[in-house]
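Colleague: Okay, handing you the structure first.
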Amino acid sequence: MDEWIIYKEFRFEAAHHLPHHDGKCRRLHGHSWVGRVYVRGNTLVKSGPKQGMLIDYGEIKQYIQPLLEDYLDHHYLNETTGLENPTSEAIAQWIYNRLEAAKLPGLYAVEIQETCTSGCRYQKLT
Ligand SMILES: Nc1nc2c(c(=O)[nH]1)N=C([C@H](O)[C@H](O)COP(=O)(O)OP(=O)(O)OP(=O)(O)O)CN2
Ligand SMILES: [Zn+2]
């Protein structure tokens, strides 16, 4: 069987702190976060303007945009997400759950890069 996995990248500026951390991440600080939403599927659109696509990248963006505006970009993540300890792991899972609730077709994984050298991928085992 064929399988395609595509992704759409997004970026946001946001502050957070990890209240339980034993190092510098306990302090309030900010990052230029980079995320990726992965979508997976076995069939491509057969005709029309989306021919040859799993799902239009622009459509994936439409699912991410409200999250960026309302919760992520230029927000304080401890407050807006309701996560008491917003690690990369927690934020990736939080974004995945939101996209799943919004019924993004083929949702497969969410990746979050917190710094140039650190990041996390969250996906659900089936
Ligand atoms: N597993 C996790 N570890 C850490 C997280 C996390 O979310 N999950 N978060 C932090 C801090 O928030 C920090 O902002 C990022 O840490 P780190 O990569 O150590 O940042 P540095 O700038 O020090 O990275 P270097 O490239 O090594 O200088 C900590 N850990
Ligand atoms: Zn951090």
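Every residue gets a Cβ built from N, Cα and C, even glycine.
Found this in TrEMBL, in case it helps:
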{"type": "ACT_SITE", "residues": "Cys25", "note": "active site, proton acceptor"}
{"type": "ACT_SITE", "residues": "His74", "note": "active site, charge relay system"}
{"type": "ACT_SITE", "residues": "Glu114", "note": "active site, charge relay system"}
{"type": "BINDING", "residues": "His16, His29, His31", "note": "Zn(2+) binding site"}
Colleague: Quick one: give me the count of other CB atoms within 10 A of the CB of His29 (Zn(2+) binding site).
Modeller: 11
Colleague: Through the lens of DSSP with three states only, how would you label the residue listed as 'active site, proton acceptor'?
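Modeller: The three-state answer is helix.
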Colleague: Running a distance check here. Ligand 2 versus the active-site residues Cys25, His74, Glu114: which have CB less than 6 Å from one of its atoms?
Modeller: Cys25, Glu114
Colleague: If you measure from the Cα of His16 (Zn(2+) binding site), which of the active-site residues Cys25, His74, Glu114 is the nearest?
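Modeller: Nearest listed residue in space: Cys25.
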Colleague: To the nearest whole angstrom, state the Cα distance for the pair His74 (active site, charge relay system) and His31 (Zn(2+) binding site).
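Modeller: With distance taken Cα to Cα, His31 (Zn(2+) binding site) is 10 Å from His74 (active site, charge relay system).
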